[in-house]
Amino acid sequence: MLDSLHQVDNNMLAELGYKAVFKREFSLIETIAFSFSIMGVIASVSSTLSFPLVSGGHVGMVFGWLIPCLFVMTVAASMAELVSSMPTSAGLYYFSAKMAPPQWSALASWITGWANITGQITLVCSIDFTCAQMITTALAVGSDGSINLGDGPTYGILIAILFLHGIVCSAATSVVARINLFYVIINVGTTVAAIISLLVASGDNKVSTHDAFTKFENNSGWSNNGWAFLLAFTAPMWTLTGYDSAAHVSEETTNAAKAAPIAILVGVAGTAILGWLTLIAASFSLSSVPDLLSSTLALPMGQLFLDVLGKKGMLAIWSFIIVVQFVTGAAQGVDASRVVFAFARDNALPGSRYWKKLNSYTQTPVNAVWLVMVCAGICGLLGFSNAALTSLAGSAVIGLYVSYATPIFLRITSGRDKLVPGPFSLGKWYLPIGIIAVAWVSFICVLLMFPPAQTVTAPEMNYAVVIIMGVFIFAGLYWLISAHKWFTGPVRTVEGGSESSSTYDDKQLKMEHPASKSLEE
């Protein structure tokens, strides 16, 4: 049964233009676990609690999470439809190539690919940077404040984490797939434990339901309360990234045309719900937002657990949260390496011949893994800035969501009649859902380029725009000077042709989707 499914998957991949080079070790459950693990609910909420605290207090925590999650679901649904039709590790830049007009296909693919790689690498860095901050927070609490590590030691911890992730992400696909089941158990279990412990241990010290849901406090430095509240959206937008991972491991997935879209939708919905419940529990147990913001700990969530659970209770739950963040970074490292591999396979990166090589022993792109880790370490130098998390989170969200929205925009414009529907299809709803998704991404990308306050100094500046524009300027100049002459979009690697596969002919567009056909048979 599995052999026949794998044959269908490989035949479909060949029709998309690529030769199967990975072992299909991911099952449906493992693909869902992988997508879910990358978003790491409790660890992500713990990492980003400062954003809603500053930008609205209790209201920022509860509704600053809920509102973006509703819009993100439209992005996830649109992406799920695309990956169901074209399940390849090339993912988003491949979708853009197929949905764009022929004369713009290569450029659309180029822009999407570079945006996605930028977001992928900065997301690895931001996850591992906050993991380092969690470790310094635990050391400070465990030593009763006698150990307070500065920026230098924190950066050293970040490098050590990246090194460990490089080793983990270099493992064979079978190992990566199985270990994700452990990831998701730790992730969900710790999240549920955190919710229960906050609600139970806070006892009679809980705030009223009215305050938990409606008390607004603007500590951002922006004079306009409405604008301040919008900046709370940074937290859920940073958390709800990386779910395109299901597309990037689709060449390692059994029955990918069905498993990948399910993993995207379940991963995003599950993370959104559990994250909201966690923040509601935190809102009830939080008696003073200003006091929490004045904490000397690197992450305010650590102080909240310390206030509610005491030292031993905080260190117990915090140790599991560190594990969750570590495995989240490992999952994201795998995702980023697959994007680098796929883009290099299409000869789009400097030194592509090195990054598209598979290790002969593990059959995974080990060179691409270590490229990701080195680049993430360079991005980690922002850790010496007071606004490091704002800059890294903003860069990750903007880079990734630009790459998410580009193929969706092309789908609802030039690609309306080009998509060959897969097992998951939005039907006639693709247009309104796609319009909402693109509009939301356009809004959020502008929002996340703003600094956390109206008046900022150089160390407090949001450097997301510097990272994003730096990469786009490099990619733009690279395109104008050289790449436009040789980059033609996704390149066929199957036997029988080496020509670009960046367009469909009319006959192919009208074919029944092979995955749907095989399922009926």
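Heads up, the Cβ atoms here are built off N, Cα and C, so glycines get one too.
All annotation found in TrEMBL is predicted automatically rather than curated by experts.
TrEMBL lists 32-54, 61-80, 155-176, 181-202, 222-241, 262-286, 317-344, 364-384, 391-409, 429-450, 462-481 with the feature transmembrane segment. According to TrEMBL, the region 'Disordered' annotation covers 497-521. As annotated by TrEMBL, compositional bias 'Basic and acidic residues' applies to 504-521.
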Would you mind listing the long-range same-chain contacts of the transmembrane segment (262-286), meaning Cβ under 8 Å and 6+ residues beyond its ends? 28, 31-32, 34-36, 38-39, 41-42, 44-45, 49, 52, 58, 61-62, 65-66, 69, 72-73, 76-77, 79-80, 83, 188, 191-192, 194-195, 198-199, 201-202, 205-207, 209, 212-213, 236, 239-240, 243-244, 246-247, 292, 301, 304, 308, 424
Check the transmembrane segment (61-80) against the transmembrane segment (155-176) for contact, please; criterion is three or more CB pairs under 8 Å, pairs 6 or more apart in sequence. no
At a C-beta cut-off of under 8 Å, are there same-chain residues at least 6 beyond the transmembrane segment (155-176) that contact it? List them, or none. 22-23, 25-26, 124-125, 128-129, 131-132, 135-136, 149, 252, 326, 329-330, 333-334, 337, 359, 361-364, 366, 369-370, 372-373, 376-377, 380-381, 383-384
Determine which recorded stretch among 32-54, 222-241, 364-384 has the most C-beta pairs below 8 angstroms with the transmembrane segment (181-202). 32-54
When you scan the chain for residues with a C-beta under 8 Å from the transmembrane segment (364-384), skipping those not six or more beyond its ends, what do you find? 22, 120-122, 124-125, 128-129, 132, 151, 154-155, 158-159, 162-163, 165-166, 169-173, 176, 333-334, 336-338, 340-341, 344, 354-358, 391-392, 395, 463, 467
What stretch of 222-241, 429-450, 462-481 shows the most Cβ pairs under 8 Å to the transmembrane segment (391-409)? 429-450
